[in-house]
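According to TrEMBL, the features are:
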type: REGION; residues: 1-26; note: region 'Disordered'
type: REGION; residues: 126-151; note: region 'Disordered'
type: COILED; residues: 345-372; note: coiled coil
Amino acid sequence: MSRLGPERDLQEAAAVERRRQQERQRQSRIFNARLRTIGIQNVNALQSVKICGDDSFHLIDKDALDTQVKERKIQEAAERARNEEFANEMKQNDKIMCMLEERQKNDIRNINKAINEFQKNFQKPETRREFDLSDPQALKKDRPARLSDDDPRCTISGLQKFMGEDLNYDQRIKFQKEQLREWSLQQQKDLKNALADQKFADDLHDKYRIELDQKTMELQQKEEENKRTVCAATKEFNRAQAAEVAERKKLEKHQKMKDDMDEISGLLQGDLLSENPEQAVSSFGRHRVITDRWKGMNKDQLMAIRYSQKEQVLEKMRLNEEERQRDAEWDRQRLQAARAQLVLERHLERQNREYRRAVDNVNAELSREQKSKNIYLKEEEYSNFPTDQYYAQFNTTSR
């Protein structure tokens with residue numbers, strides 16, 4: 001029987017259920033005031049909204065909207081993470097199913113191959129009991145309609161033998177019994193052969209499974225041996241590297257100690273610690289000295305330096321006085337600018353108060369006109385109020 005009908009019904013039922021689930025999810029998003037963002041195009045630009053018939057302004061809660069956006073992003077991130085986890089799990093399951101299907105196909109292929117080999121070697125067409133019905137050489141092997149009076153092929157419809165001529169009744173009965181016995185033995189033999197074939201196929205399948213498991217275990221053992229070999233080689237290499245590093249550090253330490261001792265000996269025996277005054281004389285002239293060997297100045301040099309320092313102090317005092325006068329001038333100019341700015345701000349505040357007063361008068365006039373218009377619409381135009389049945393037909397689906 002074809003499986004197209006049930007499979008098609010299952011696919012259609014799955015598609016209907018998927019659409020229903022999508023509709024329920026869409027309704028939960030649209031009818032939820034915390035998640036719905038339809039109609040808000042620019043939150044930063046919409047600072048206030050004026051309601052017709054009322055002079056008050058309702059501000060949009062931007063913090064709540066930002067919180068909703070953050071919660072929505074967190075939900076989407078969690079949904080993506082969950083979908084990625086499901087996708088990875090599905091990929092892993094698909095790989096396992098592919099491996100199992102490939103193993104099943106190999107098992108079926110080997111069983112069919114073994115059955116075909118067995119049929120080719122032990123179940124040839126000429127050994128079948130009904131082979132004479134489809135024998136291509138049947139006409140060549142056929143005999144005449146009646147060879148003798150005892151010919152068992154003489155039937156009533158052949159008009160070769162008539163009632164009352166049953167001369168070989170005993171032989172016929174004996175032959176029929178022998179034929180029934182042969183048939184029974186042949187059926188038993190066929191049953192035994194079928195059972196043997198089934199057992200042989202099962203043995204082949206078990207043998208193949210055992211060989212496959214043994215190969216898998218051997219591959220795992222080889223892989224573990226390779227890992228152990230690599231780990232041992234890595235440990236040996238690291239041990240050799242550590243020994244080499246320790247030896248190099250030891251040699252470096254010994255060389256450093258030797259260099260330090262040579263340096264200490266050179267310093268103790270050099271001109272620096274012995275304070276030789278001639279060592280500070282430069283090769284460019286006696287008026288120049290080598291700074292790292294110089295031990296100090298004489299009295300005349302010290303007096304010249306102090307005189308230069310006094311001149312620098314007087315110059316510094318003069319510069320400070322000039323800077324103080326400049327700062328005082330800047331302070332006076334800033335004070336004048338601040339006074340002018342204060343006068344200008346007071347003038348702008350008076351203009352703004354007059355402008356707001358004019359706008360309030362205009363808004364009050366518009367409010368009175370709007371109230372009168374609403375009263376007219378409510379009492380004259382919109383006197384036919386909708387019933388609850390009219391409102392019940394809206395907001396039932398997400399479309």
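Using N, Cα and C of the backbone, Cβ positions are placed for all residues, glycine too.
TrEMBL does not curate its annotations; it predicts them automatically.
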Over the coiled coil (345-372), work out the mean pLDDT and round it to an integer.
92
In the region 'Disordered' (1-26), how many residues does DSSP assign to helix, to strand and to coil?
23 helix, 0 strand, 3 coil
Mind checking how the region 'Disordered' (126-151) divides into helix, strand and coil residues in DSSP?
9 helix, 0 strand, 17 coil
